[in-house]
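Asker: Okay, these came from TrEMBL:
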type: BINDING; residues: A:Cys659, A:Cys665, A:Cys699, A:Cys703; note: [4Fe-4S] cluster binding site
type: BINDING; residues: A:Cys703; note: siroheme binding site
type: DOMAIN; residues: A:14-302; note: domain 'FAD/NAD(P)-binding'
type: DOMAIN; residues: A:331-389; note: domain 'NADH-rubredoxin oxidoreductase C-terminal'
type: DOMAIN; residues: A:430-479; note: domain 'BFD-like [2Fe-2S]-binding'
type: DOMAIN; residues: A:578-640; note: domain 'Nitrite/Sulfite reductase ferredoxin-like'
type: DOMAIN; residues: A:650-786; note: domain 'Nitrite/sulphite reductase 4Fe-4S'
Amino acid sequence: MEGRDVSGRSPRPTVVVVGHGMVGQRFVEELAARGVTARARVVVLAEESRPAYDRVHLTSWFGGTSAEELSLVPDGFLEEHGVELRLEDPASAIDRAARTVTTRSGAVVGYTTLVLATGSAPFVPPLPGREADGCFVYRTLDDVEAIRDAAARARTGLVVGGGLLGLEAAGALRDLGLTTHVVEFSPRLMALQVDEGGGGALRRTVEKLGLVVHTGVGGQEITVDARGAVEGVVLSDGSRVETDLVVFSAGIRPRDELARAAGLAVGARGGVAVDEHCRTSDPDVLAIGECAAASDGVVYGLVAPGYAMAATAADLVAGRAGRPFHGADTSTKLKLLGVDVASFGDAHGRTEGALDVVYADSRAGVYKKLVVGADGTLLGGVLVGDAESYGLLRPLTGSVPPAPPEQLVLPAGLTPATALGPAALPDDAVVCSCHHVTKGAIVAAVADEGRASVAEVRACTGAGSGCGSCVRAVGQLVDAELAAGGIAVDNGLCGCFAQTRQELFEIVASLRLTSHRALLDAHGRPEARGGEGCEVCKPTVGSIIASLAPAIGADGHVLAGEQAALQDTNDHFLANLQKNGSYSIVPRIPGGEITPEKLIVIGEVARDFGLYTKITGGQRIDMFGARVDQLPAIWARLVEAGFESGHAYGKALRTVKSCVGSTWCRYGVQDSVRMAIDLELRYRGLRAPHKLKSAVSGCARECAEAMSKDFGIIATAGGWDLYVGGNGGASPRHAESLARDLSDAELVRLIDRFLMFYVRTADRLERTSVWLERIGGGLEHVRDVVVHDSLGICDELEAQMAAHVAAYRDEWARTLEDPEKLARFVSFVNAPGTPDPSVRFVPERDQHKPDLTVLAGPTLPVRTLEGSNPS
Amino acid sequence: MTTALAPLTRSHPAPSPLLEIGHAGAWVPVCAPGALVPGRGVAVLLPDGEQAAVFVDRHGDAHAVGNRDPFTGAYVISRGLLGSAGAERRPFVASPLLKQRFDLATGVCLDAPDDPALALPVHPVRLR
């Protein structure tokens, strides 16, 4: 088939898609949704070695999101729809007369319709030295891999370009530990999106994060050392920045070279010229996404307009009357370096007679501007540092808002009670701009079609499934509509309980209930009473009882009595279940401080039991691959050496990281190790709605990364600053300051109160970061409660924590003391001495990993009881 | 498959009852019913190398299904949590790995009831 034109004789029409980026993939999905893949052959020619992936979230790759997780092609999608994807075989020429495309490998593919989705290429300004070793662009997974590898050998990085992508790249370099410079030719950052005031607020926040910002200057020359590697950049003002690597992120250029060579018309500033149905000057050739110049002459560098063009083009191929693409709303909302930035409509006030309404708080890094017409029409705006209202303001653009504009820019706490809600939007306001879903469509989905949740509304309208910035507004609309229809919104914990976790906590605490069964039979939903409960309420109630154990007179051990039946398997076996059914073990290493003797014990235990070892992110050592029946023997060795459980398996305090602090470090101002150990030992074993992480840094350099923890402590010359609500992981969030310059005793008292208030009021599996954003009044409310005791409950919170601290016992040691509990640690109840044959390993990098081939088949190779007892 | 282990008392101490499950046409002894914690499970190694998961619920009824989690291939179903759902309070087990629910009477995965490849095998249970 390769090297020959097959389509001329083929009875099936053929759609050839050139490019498999986000828009190319979306186009193929739109074809499949319209049934085109069932009747036409679809061939996709891709340049990269990977199928389409999410370029918008490329930066998250540095944060641990894998290339597989970024993939946009659902498993089995291509096979199911018979789409032929040719990776690393891009189109090299188009022959419009013969209606064929030639690929780099020499294959010739005939087409009925050709769709160009070649995307764009990063613009690299023509600086001398731009090809040197150490120069990169920021566009593909290969690019970010190369940047990471180079960063491992570098100390300083410089990004050319202070726009959206440039700041993303700068954030990535900073997170890789480099001193990072940003060079932007315009007088401000993100010049395209924000105005001078917004750029200023953004700059201050970015500089606070440690980035060095140079605006109003360009790069002039890249200087290289004797080996041809980057050594510095000379700027247009004559100054020079020493740097080990340079990332160009100074804009994009549409990749229209194939189209040009084929004689297709191109736009004035590049891009394949298309009409409102995405047709090029040859009606059998379409172009979509960043390679196209839309009918308004604009090359759209955002994904939402690309997706809209994909839908328009798919309509055309399917022979439907589709929605023409005349141009797009370039409103954006994003989080850059932890800062919310949004701009919408006429953000720069270019409309004749436009007026500004501005709110600025330089201290908090907040800048909000609305552009309003003379008649009060909202024309656009810029939001930096607080873009909460974006989901409401953008849909109001073009109309006269129902509240005066000055009220719309005030922060939430200062807004009068008449504040604008999504209910105030007109029905034709577009709430989801990615999928063009109006408020009317969302309301109709709830009122007329009976959809009762954001997920259901998303499934039927598409609202919220694009960039996600409207999800909050959609949720408010759904709730308001449900309430208007007299439908109660069910906030119950699960199918067994109509109460929230917080309500159950209050019931357990006030009635001193010590069993799930008693709670379920007396307070469960009527249909669930007398039943088993479920996998949601059992661990939740188990956690509440454990948190309150000493105060309500329950046995604090998680395996005592009925408690044993409530715990998830991790808590049940006091270890972490891994994918092949084995467990991992993490002994507590308070503050990350450990003696050589104890390190040796860990090494010996791991060696003797054949465990894979890895250092965790929390300054501990994880030992993997233990069978259930090995756990007690492993703990016995560890307990004997003075270790105890690290609660890595529990929704409990995990670890309090520390830097080395004032005892060794020449910059340290307080003994951070001592404080970390004290805090870890104080709160160890505390059961909470979710895991809790902490860290203590000995100075403002913040080497312990306390700002990414549920509660983080940073030393000052005068004591300790306490930050709360930080998070790493999938939704990173910087912790916020709760109180400053605390003494040791003040610090501990405040953390006692904060943690107990969280344990008491958070939802199941709600980290402190989400809890702080959810509860009414946010951080200010929490500060009122735990610092100013506005609810008068601080004595109670402190007493509950004191009871926990006094009652703490190591769970491993207690289990080892109890033969009844130990009896559960067997692989098989009918063959207690037999190890589980499905837990097997294969070598990897001088250690081993789970042998997944054992798990692959429907049955294990036959291994009888008689023949399988090596132990 | 479910059987009532009535009553779970110690009024008949003499021949202590033994819980058995059926597999491949034979009965396999498991353990004394009193050894099971209501709401939790145990794993059983069958003579041909297969594994079963046996649970007892709060009413003393025992249930036996395959121990292999069809979603991951791991032999872990016995470590899942027991629950009940619906007006009939049908007992189910939730996989400890990815939390899919399986009906204990039929083995059907409640998250994918139409896919027989994702159902657990069910074993008969008796007291002897």
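Any Cβ shown, glycine's included, is placed from N, Cα and C.
A TrEMBL annotation is a machine prediction, not a hand-curated record.
What's the neighbourhood like for each of these?
Answerer: For A:Cys659 ([4Fe-4S] cluster binding site), the count of additional Cβ atoms within 10 Å of its Cβ stands at 26 [all protein chains shown]. In the three-state DSSP scheme, A:Cys659 ([4Fe-4S] cluster binding site) falls into the coil class.
Remark: A:Cys703 ([4Fe-4S] cluster binding site) has A:Cys659, A:Ser697 as non-local neighbours, by Cβ distance under 8 Å and separation of at least 6 in sequence.
Averaged across the domain 'FAD/NAD(P)-binding' (A:14-302), pLDDT for the predicted model comes to 92.
Helix, strand and coil residue tallies for the domain 'BFD-like [2Fe-2S]-binding' (A:430-479), in that order: 26 helix, 5 strand, 19 coil [DSSP].
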Asker: Looking only at the recorded stretches A:14-302, A:430-479, A:650-786, which one has the largest tally of CB-CB distances under 8 Å to the domain 'NADH-rubredoxin oxidoreductase C-terminal' (A:331-389)?
Answerer: A:14-302
Asker: Same chain, not part of A:Cys659, A:Cys665, A:Cys699, A:Cys703: whose C-beta falls within 8 angstroms of the C-beta centre of the [4Fe-4S] cluster site? Give them in sequence order.
Answerer: A:Val660, A:Gly661, A:Tyr667, A:Gly668, A:Ser672, A:Ser697, A:Gly698, A:Arg701, A:Glu702, A:Ala704
Asker: Which one of the binding-site residues (A:Cys665, A:Cys699) has its C-beta surrounded by the most other C-beta atoms within 10 angstroms?
Answerer: A:Cys699
Asker: Sort A:Cys703 ([4Fe-4S] cluster binding site) into helix, strand or coil using the DSSP assignment.
Answerer: coil
